[in-house]
């Protein structure tokens, strides 16, 4: 039976060995690039695959059409996923004739999602296990094929429990893989009423809340001790990591976090006390508790807890959905640079925001707004400002996937708007210059211009009207129920990290990225309808500065406002954009790495975008509102933006060439 395997970590190695033992014909293994911090503790799927002479790949996006086609060509009978960290698309899951199976580290339907072992210890569970289940589009929700239970001891840590889970997985595979190979296996539907979901944990989640009971705090210590970053607290500004502790059933009359004794080191909790067995200062060694107290100059009755400065300054909390996108990642950079914001972000990937992951003011979860509704509602309730930036915003998708555009851009975002109403939170909503449609004004004005779109059979307008309808709904909630909002309308923002060349290869990108791909691959630059359409191109840094000032909202000037953010002086046709880009390409220091220019090629919009497309001849913003409300004007010339964008993509392309 031919198998494709998606695997990572120790469990991935266990799964591959079990499949080999059971006689499966492994056609290919997909994994992730090894993290040396993890491989110090856990085995490498890539190395095991190499030792077994199995084809192994580590694509950045396995759901890309190119990889889907390669998997289709292998004609797998079955697909297995063992601790692979990316969600597999329906297109991949449908390729296996026998089905797709995933091993999950809990007794489903409990503890769906990420880090189930850590969460089980944290929540004080006494039992967990492993589950092999059928894979469906919703994560961890398919029919259960087999389970194996594991007891959690009071002394178990995430590492020791992982060892038990590994042994349980081996036993489960020995039992069930022959059944799958024979095509005779049970499939029990999950009880959705019993389902629980937990998201990804990050290092900042290890901060100790001393108001909790000693048992709860000790569970946190056990859940995140080595090889994880550890549970931590602060003595003033100095960080203390607690690696091992013991809860004591002692009563006291002190404030939580008070040091009751230094030898042994005992700290008061909301209920009971906690003896610190081993710990470490930020710059010190792993030591016993009483030695830690000496190193930190602790005395009886001193208090540990949150970092001193965080108790003084309350930073504004900003929720960004779609944080890995073009606007999201640049906005995150600007907010972190300011220093007065904590950012909570969600996206289905993290390629553009890896540079922020270690920042303590950036909190990221990998997830899908279609699925992680509980997480979203909780963080809307928790945060001060909400920016729902998730949308399909590439023209070819408007005609290729109009219903998906409507479902994501309107229906899913409407849920977020209603949560903001429910919890009285400020929403900054990304409208679009597309809402103006075929407006015949010389400049598009937020307050007076007509919003004109084409006939129903021109499906490209589904994006425009989805956004426009949400604009109207948000405005109505503001008028009738007091929703605090600002609508901003970007006009052709561009710069580094706008889409990527892989998305351009399947036509799902904005204009400049598509043009750069043509230059990189030596294919003709296609000018849709001759490229005579005019746009006003705005540098991402100009755009983000305006958006940052909307978030600041000094004196509340942006409340209830619609604000165009564009650069009217950077007006050019698509053909002119292509010509400037070509000149910059020919002058670039990396030019010799790429094929000769293949010329311009005029194509009709119908053949390029498909049936149902209709274009707009010009789109120039009035920016009076931005000037008046934000004290903002764009300053960056289009040629500078083109040069920086081209340089970013060319260096990335050369780096890829070096890998291949």
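In case you wondered, yes, glycine gets a Cβ from its N, Cα and C as well.
Worth saying up front: this structure is predicted, and the values here are computed from it rather than measured.
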Message = Looking at (6R)-10-formyltetrahydrofolate binding as recorded in Swiss-Prot, which candidate out of 114, 166 goes with 136, 137, 138, 139, 140?
response = 114
Query = 368, 369 bind NAD(+) in Swiss-Prot, but which of 342, 347 does that record place at the same site?
reply = 347
Task = State the three-class DSSP label for residue 529 (UDP-alpha-D-glucuronate binding site), counting H, G and I as helix, E and B as strand, and everything else as coil.
result = helix
Ask   = Near residue 526 (UDP-alpha-D-glucuronate binding site), which residues of its chain come within a Cβ-Cβ distance under 8 Å, counting only those 6 or more away in sequence?
value = 514, 518, 601, 602, 603, 608
Note = Counting across all protein chains, other CB atoms within 10 angstroms of the CB of residue 137 ((6R)-10-formyltetrahydrofolate binding site) number 14
Request  = Report, in whole Å, the straight Cα-to-Cα distance of residue 619 (active site, proton donor) from residue 433 (UDP-alpha-D-glucuronate binding site).
outcome  = 8
Task = Let me know the largest Cα to Cα distance in Å among the (6R)-10-formyltetrahydrofolate-binding residues 114, 136, 137, 138, 139, 140, as an integer.
result = 17
Task = Could you tell me which of these recorded positions, 138, 535, 619, has the fewest other Cβ atoms within 10 Å of its Cβ?
result = 138
Query = If you measure C-alpha to C-alpha, which of 136, 138, 140, 368, 535 (binding-site residues) come within 10 angstroms of residue 104 (active site, proton donor)?
reply = 140
Query = For residue 434 (active site, proton acceptor), which DSSP three-state class applies?
reply = helix
